[in-house]
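Report on one structure; see the data block that follows.
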Amino acid sequence: MYGIEYTTTLIFLILFVLLNYILKSITRVMDYILYRFLLFIVIVTPFVNSQNYGINLPITGSMDTNYQNVSTSKPFLTSTLCLYYPTEAETEIADSSWKDTLSQLFLTKGWPTGSVYLKSYTDIATFSINPQLYCDYNIVLMKYNANAELDMSELAALILNEWLCNPMDITLYYYQQTDEANKWISMGDSCTIKVCPLNTQTLGIGCLTTDTTTFEEVATAEKLAITDVVDGVNYKINVTTATCTIRNCKKLGPRENVAVIQVGGSNILDITADPTTAPQTERMMRVNWKKWWQVFYTIVDYVNQIIQAMSKRSRSLDSAAFYYRI
């Protein structure tokens with residue numbers, strides 16, 4: 001009887017030792033596989049071009065992230081505001097500390113010191129070439145000039161809307177505008193644009209494709225020109241390319257972190273006459289002009305009401321960046 005018990009105990013011991021050996025062997029094999037796999041990953045990773053879908057987002061044509069209109073009472077606590085003004089304002093004020101004064105006045109409206117940036121520009125035409133709107137909210141002051149109404153309205157149309165633009169090779173191709181949202185935008189020191197409409201046989205309608213002097217001139221020596229032609233018709237285009245670039249652009253919608261304040265003038269410029277522009281006069285406003293200090297006082301006093309008509313954006317507009325998007 002004792003022999004049977006000893007034999008049973010011995011069998012259990014042997015099985016236990018065998019099982020322990022098997023488990024240790026499996027553990028060593030798994031460790032070997034795991035370490036070799038990790039080593040393989042470390043070696044191969046530098047040679048693999050993987051995409052981070054959270055960073056490399058596809059281009060949709062909009063430089064900005066859409067947000068709803070601001071509903072909080074103090075969006076400025078975490079936001080920046082850029083105020084663009086003509087240099088003649090500085091000349092008239094003639095005070096080296098005027099910006100510090102304005103900063104203190106903005107502080108009374110809840111805008112912390114350092115959150116408001118004052119940026120000057122020479123004139124509307126020059127500003128049109130390279131508008132750079134870097135802040136969460138951007139307010140552009142444009143002094144009314146009867147001789148520059150076209151420049152003012154085109155600049156407003158440019159910065160109050162988002163555009164998706166492609167380069168145009170006018171030496172090789174004909175171009176047509178597909179719908180009312182499709183425009184040709186030209187920028188440069190001097191832009192003269194001529195067009196020749198073509199029939200179905202690519203022959204000029206009232207012009208010769210080989211003679212640019214017969215083309216129809218739609219813009220002359222402008223710094224910013226937004227050209228609108230008859231949709232669905234091919235055109236041969238001539239542009240002063242040495243001093244101007246032209247892009248085929250599509251209006252995507254309003255750029256709601258920008259407001260234009262017209263300073264002076266009997267009437268406010270109306271860019272909503274364009275059927276592709278949704279009514280947005282709340283971001284195209286007018287203030288009376290007497291002295292520039294009066295203008296800035298008015299802006300400070302009503303800045304928060306102006307902001308309520310806008311939407312904060314997370315990205316900036318640099319015309320060089322937006323203009324070369326494809």
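Keep in mind that glycine also has a Cβ here, set from the backbone N, Cα and C atoms.
The annotation signal peptide is assigned in Swiss-Prot to 1-50 on the grounds of sequence analysis.
Summarising the annotation, Swiss-Prot assigns N-linked glycosylation site to ASN69 (among others).
Take the CB of CYS135 (disulfide bond) and look out to 10 A: across all protein chains shown you find 22 other CB atoms. Residues or ranges marked as disulfide bond by Swiss-Prot on the basis of sequence analysis: CYS82-CYS135 (among others).
In the three-state DSSP scheme, GLU216 (Ca(2+) 1 binding site) falls into the strand class. Taken from Swiss-Prot, the feature Ca(2+) 1 binding site applies to ASP95, GLY206, THR214, GLU216.
Of all the Cβ atoms in the protein chains shown, 19 others lie within 10 Å of the Cβ of CYS165 (disulfide bond). Taken from Swiss-Prot, the feature disulfide bond applies to CYS165-CYS249 (among others).
According to its DSSP assignment, ASP301 (Ca(2+) 2 binding site) is helical. Around the Cβ of ASP301 (Ca(2+) 2 binding site), a 10 Å sphere holds 12 further Cβ atoms from the protein chains shown. Among the features that Swiss-Prot reports, Ca(2+) 2 binding site is placed at GLN177, ASP228, VAL229, ASP231, ASP301.
The annotation disulfide bond is assigned in Swiss-Prot to CYS191-CYS244 (among others) on the grounds of sequence analysis. Residue environment of CYS191 (disulfide bond) contains 24 other Cβ atoms, counted within 10 Å of its Cβ in all protein chains.
Within the same chain, the residues at least 6 positions away from CYS196 (disulfide bond) whose Cβ sits under 8 Å from its Cβ are GLY204, ILE205, CYS207, LEU208, THR209, THR212, THR214, PHE215, GLU216, TYR235, LYS236, ILE237, ASN238, listed in sequence order. Taken from Swiss-Prot, the feature disulfide bond applies to CYS196-CYS207 (among others), supported by sequence analysis.
According to DSSP, ASN238 (N-linked glycosylation site) sits within a strand segment. Sequence annotations record features per position, and here Swiss-Prot assigns N-linked glycosylation site to ASN238 (among others) based on sequence analysis.
Ranked by CA distance from CYS135 (disulfide bond), the recorded positions ASP95, CYS165, GLY206, CYS244 have CYS165 at the top as the closest. Taking CA atoms as the reference points, CYS82 (disulfide bond) and ASP301 (Ca(2+) 2 binding site) are 16 Å apart. Taking the C-alpha positions, the distance from GLY206 (Ca(2+) 1 binding site) to VAL229 (Ca(2+) 2 binding site) comes to 15 Å. Cα of CYS244 (disulfide bond) to Cα of ASP95 (Ca(2+) 1 binding site): a span of 37 Å. Counting only the Cα atoms, the space from ASP95 (Ca(2+) 1 binding site) to CYS165 (disulfide bond) is about 42 angstrom.
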